[in-house]
Amino acid sequence: MYLALLVIFLQCSELYTQERVFTFNTVEIKIRPSVKVKNGARMSVFCHADISKSTDFQLKHNFTIFKNGKPVFMSISDREDAQYEIPVARSSDTGEYECTVEAGGKTKSSNSLHVWVTGMTKPILTAEEKEVLEGEVVKLRCELPEEVPPLHFFFRKIKMNSTPKEKHVYEPYRNFSEVTFSVEEGDNILYFDCFGKRSVLLEFESSEHSNRTLVTVKEPFIKPTLNAKPSSNVTEGDRIQFECSTVVARMRDIEIILQKNKTILKSVQDEKILKYSAVATLEDSGEYLCKVEQGRASKTTKLNVVVSELFPKPILSASRSNLDENKELTLSCSISGFRKANFSILRKNSNGDISLKNSRNLTMRVNVNDTGSFICKAEVKGIVKESNPVMVNIYAPVSKPTLSVVSGLPEVVLGKPLRLICRSAMGTPPITFRFHKGNEVKTIVTNDTYAMFLDENIRQNDKKGYKCDARNNHSSGMKTSNILNITVIVPITSASLGSIPYGEVEDGHETAFLCSVKEGSWPIHFRIFRKTDHEVLLFETSENADRIVWRKKAMNRQDTGTYYCMASNRANVDVKSHPITISVILAVWQKGVIAASVLIPIAGAVTFASWWFLCKKKKAKGPSMEMSGSALATNLTSEKLTGQHNDGDYYSGSGYIEDSENHMKTTDETKGPDLESADVEYTEVEVSTLDPHRDSVENRHSRIQGHPDAT
């Protein structure tokens, strides 16, 4: 029974759940009266949820209204609508509005809607002081209590009959701002106001101006009075006195200053009057200024003073402005239209003027040290005036100049510039120097004691001499140097090296090396090097010639290598030849010794073999072999003679050695097993066809017979 009830309950619940189905169609937000609301007006925000249901059942709706992402209103209702009321809209209510509805576990949000509350509240301006003194400051505060930062504040200082002065302050985090304005001289009644601005959708919106605040300004002291006694128009020599005074509210920190052309003449502190006096001069004419300062406040008064001239400046004249030393100079001082004065003549000096004479006129014999500026002074009634300076130059004559080459030696390398210097040891500058090349004036230079000349046109066969002359303002005139002749050094060009013999030289023989140059000024420094693993200097010499020969007496195998020579002269340019290669080979006699050391053992071996063979033949000879041996000898002899006749060569002396060799060779070639024990002997053979040569045959026969080994 209980089980049946449980089943029925579950089925009923499922049916109930299936019947409570709903869905959000839309959620909408609206602003009334519109999305653009005037500041101070009423504003309403409406939120509506459009929901579809399976049946008619009640839902609890949770409404939340957001402004710029932050919730500003929440409500729970059975209805599908909610309303957010703002009785008085302010600019701070400007922003993005959005509505979110949650019901039955489902949530949906509306689109966002931008609301702009136009206009700003009127700012409130307050001044810290309503009454201030000149030089003090006014501190102001401007506030927009119902506005939200960031805000821009503008303050204005308004003075009668002048353009307002404005200050701007940006406040990113506050809805108020504070500034100060200085109270200047002439500020009597001041008004101040302010207004605000804010940025909305990249546009600036301004508030109306605040209330005007009145600030009254009091003077801490009155404008000073400046007087000159006896008058502002005086004559040189008169004493003039200045008085500057003021009236102050309080004496603390007050200062009075007297100025002329920004130069402070005198100042006093904590006093109401300043006095200053001086003997008037022409330089005292001009505008004087009296300034009174207290704190930041200051007031000034100006006075123009005219000083008339008592007498004009004196005039100094010289008998001559340029003269020779030991001559007389006369200086005269005068005042146009005025004679009663105390005169003095002085020479200017950096350490102080030197008085020469207290008189109107001065005559003196001068020397070079008297060169300089002279002045005269005139005094009347305590007023001293100085003349313009007069320059007097005293000249000593120039000495004979010397001309030399800057580098020292009177020579120049061809192609290089020549620098000359002309000096005059004596003489008052400025000195004018002239340079001559031959009879041509090349340049003119004015300097103190020397002058430089550069000749860049140097030729190989340049024979022109140089000279210079010097002169100054001395009456003695021009002095000329001695003629300077210059040696033109031609640099070395194209060095070459040769040898005799060339290429190969026998060991122990002499080799001659020839180093020469194509051109170059003498003397020439020659050097010969051998290059193996490193460079070795073999020979060097300096000669007044364009070539040298160096003989190497006995060459050896260590002298094999590469040789080259270098040549230089005073142009200081080393010119290197192309290299040559020398090989040292064996001498003829050295080759003979080597050949003899090889051939002598061979010849000894051949001689011993011949001797041994003849000895063996002698022992084997017997009677039974004479005939056969004679026959064989006859045949051999006939063949040999026939061969000699045909060749046409006849030998003597060493012919025996050749015949013996041939005989041995033939014997070796023809012997066989049957002839190993046979004896061979030589017999006389007469051949009738060889009559013309009979004597030769007989001689040959006699030689063979005469040999110690013959049978």
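Each Cβ is built from the backbone N, Cα and C atoms, and glycine gets one as well.
Feature annotations, courtesy of TrEMBL:
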SIGNAL    1-17  signal peptide
DOMAIN    220-306  domain 'Ig-like'
DOMAIN    312-393  domain 'Ig-like'
DOMAIN    401-485  domain 'Ig-like'
DOMAIN    491-583  domain 'Ig-like'
TRANSMEM  593-615  transmembrane segment
REGION    654-711  region 'Disordered'
COMPBIAS  660-674  compositional bias 'Basic and acidic residues'
COMPBIAS  691-701  compositional bias 'Basic and acidic residues'
Which numbers of helix, strand and coil residues does DSSP report for the domain 'Ig-like' (401-485)?
0 helix, 43 strand, 42 coil
Structural state census, the domain 'Ig-like' (220-306) (DSSP three-state):
3 helix, 57 strand, 27 coil
Calculate the per-residue pLDDT averaged over the domain 'Ig-like' (312-393) and state the result as an integer.
89
